[in-house]
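Features as listed in TrEMBL:
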BINDING   Gly2, Asn26, Asn108, Glu110, Gly189  NADPH binding site
BINDING   Lys109, Ser135, Glu136, Ser160, His183, Ser196, Asn201, Lys202, Glu205  1-deoxy-D-xylulose 5-phosphate binding site
BINDING   Asp134, Glu136, Glu205  Mn(2+) binding site
DOMAIN    2-116  domain '1-deoxy-D-xylulose 5-phosphate reductoisomerase N-terminal'
DOMAIN    130-213  domain '1-deoxy-D-xylulose 5-phosphate reductoisomerase C-terminal'
DOMAIN    246-365  domain 'DXP reductoisomerase C-terminal'
Amino acid sequence: MGRQTLDIVRSFPEQFKVVALAARSNVDLLVEQAKEFGPDLVACFADSPEVERKAREALPKALLGERGLLAVATHADADILVAATSGQDGLRPTLAAISAGKTIALANKETLVMAGHVVTEAARRHGVAILPVDSEHSAIWQCLHGEENNSIRRLILTASGGPFRTTPLEQLRDVSVEQAMAHPTWRMGPKITIDSATLMNKGLEVIEAHWLFDMPYEQIDVVVHPESIIHSMVEFCDGSIKMQASLPTMHLPILHTLTYPERLDTSDKNLIKELNWPTVARLNFEELNLERFPCFKLAIEAGKRGGTYPSVLVGADEEAVAMFMEGKIPYRGIAEILEAVLERHDSISQPDSAAIVGACAWARSEARVCSAKYLG
Ligand SMILES: NC(=O)C1=CN([C@@H]2O[C@H](COP(=O)(O)OP(=O)(O)OC[C@H]3O[C@@H](n4cnc5c(N)ncnc54)[C@H](OP(=O)(O)O)[C@@H]3O)[C@@H](O)[C@H]2O)C=CC1
Ligand SMILES: CC(=O)[C@@H](O)[C@H](O)COP(=O)(O)O
Ligand SMILES: [Mn+2]
């Protein structure tokens, strides 16, 4: 998402300037990006001594660790923060940016899932807008432009169904990392790609929609749409349904957060491919099969239960996905570990951000404990 944001800046140098830039471990790319975009501030989270050494050498002025992320998120010259780190690390910097009055272009869905009540309340208190980058939420937001929230009957999120939409159930227990990484329509980072395979991504997105649009879970539905052309829909009280469509590209939702309420002409930019309708042979829609995708069900239950359950969901999932990718647990282990960790959890109601981060850390360590049964 970060690279695609920079593609947009590269295409519209008159409109946008990068004032601060953060990454975790890819120092070589960060150096390249810093050279090209000349930000005032560069930060590297540097999650290992080796990366830290490399960052100190290659970027002597860079701020390291969470301190760097917080400085980037609150840079005095920034109007908007594109929050596009993966996983749980985005929460504190995003809250800091809200406190500093920055508009938030939110790609990092884990932030809202873990701490929806804290983040939305902080945004309300500071008069800050949280603009959705996630393709489904951008679609819903675009469908809602000019509409009244009280005229919504339901939000309908589309799901591609991932690489295992039609895989026979008996083969699904032990599919490989390579198979899980082969998303049919989107090219994304590893964590979200595995989440799309298990449909955890869609569960997280339902929770994200609940917070972004202040919508009860009973008014949020999911329909499988394998082509990823319709990015989501809103059904209104009179029965009218609006949908937003494009070829699958994240450039468009990112651009919309950066230009809202205006739109920029992209026709001569070689950035967003035109959708040529006659070449779209067929758009398909199917019911979501819950038996096939237990992670989806666990996510919705955690969202509805609230408290620290969503934070535990995020922490356990992050750890389980990492262990699956490292070959330590089988594919089915992701759902099994999530279920076991959620079951063991004693939730706190209305947690503050410290309790949310604490619950997430607890869930990660519990997930590792639960993985022991797959060893050997
Ligand atoms: N990709 C997509 O199409 C979509 C993504 N999203 C959401 O956007 C977020 C990013 O996804 P995606 O771009 O695919 O993921 P990637 O794994 O491709 O990229 C994640 C980026 O975050 C950086 N990062 C991770 N942790 C930290 C940290 N602690 N400090 C600083 N930087 C950090 C990484 O830096 P480095 O490379 O240096 O390690 C990398 O640049 C996720 O939350 C995802 O759910 C939402 C909708 C669509
Ligand atoms: C591009 C984007 O927004 C992803 O979150 C996408 O939604 C993944 O696709 P599925 O989760 O529907 O497979
Ligand atoms: Mn999405």
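Placement of Cβ uses the backbone N, Cα and C atoms for every residue, glycine included.
All annotation found in TrEMBL is predicted automatically rather than curated by experts.
Structure coloured by features recorded in TrEMBL.
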residue : record                                      : Cβ within 10 Å
Gly2    : NADPH binding site                          : 20
Asn26   : NADPH binding site                          : 13
Asn108  : NADPH binding site                          : 24
Lys109  : 1-deoxy-D-xylulose 5-phosphate binding site : 27
Glu110  : NADPH binding site                          : 28
Asp134  : Mn(2+) binding site                         : 27
Glu136  : 1-deoxy-D-xylulose 5-phosphate binding site : 28
His183  : 1-deoxy-D-xylulose 5-phosphate binding site : 19
Asn201  : 1-deoxy-D-xylulose 5-phosphate binding site : 28
Glu205  : 1-deoxy-D-xylulose 5-phosphate binding site : 28
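Checked against ligand 1, the binding-site residues Asp134, Gly189, Glu205 give Asp134, Gly189 in sequence order as having a Cβ less than 6 Å away from one of its atoms. The subset of binding-site residues (Asp134, Glu136, His183, Asn201) lying with their Cα within 10 Å of the Cα of Asn108 (NADPH binding site) consists of Asp134, given in sequence order. Proximity of the binding-site residues (Glu110, Asp134, Gly189, Asn201) to ligand 2: a Cβ under 6 Å from the molecule is found for Asp134, Asn201. Checked against ligand 3, the binding-site residues Asn26, Asn108, Glu110, His183, Gly189 give no residue with a Cβ under 6 Å from it. Within 10 Å of Lys109 (1-deoxy-D-xylulose 5-phosphate binding site), judged by CA to CA distance, lies none of the binding-site residues Gly2, Asn26, Gly189. Note on proximity: among Gly2, Asn26, Glu110, Gly189, the binding-site residues of the record, the Cα nearest Glu136 (1-deoxy-D-xylulose 5-phosphate binding site) is that of Glu110. Under the DSSP three-state reduction, Asn26 (NADPH binding site) is assigned to coil, being neither helix nor strand. Note on proximity: of the binding-site residues Asn26, Gly189, Asn201, Glu205, the one nearest Asp134 (Mn(2+) binding site) is Glu205, by Cα distance.
Across the domain '1-deoxy-D-xylulose 5-phosphate reductoisomerase C-terminal' (130-213), mean pLDDT in this model comes to 97.
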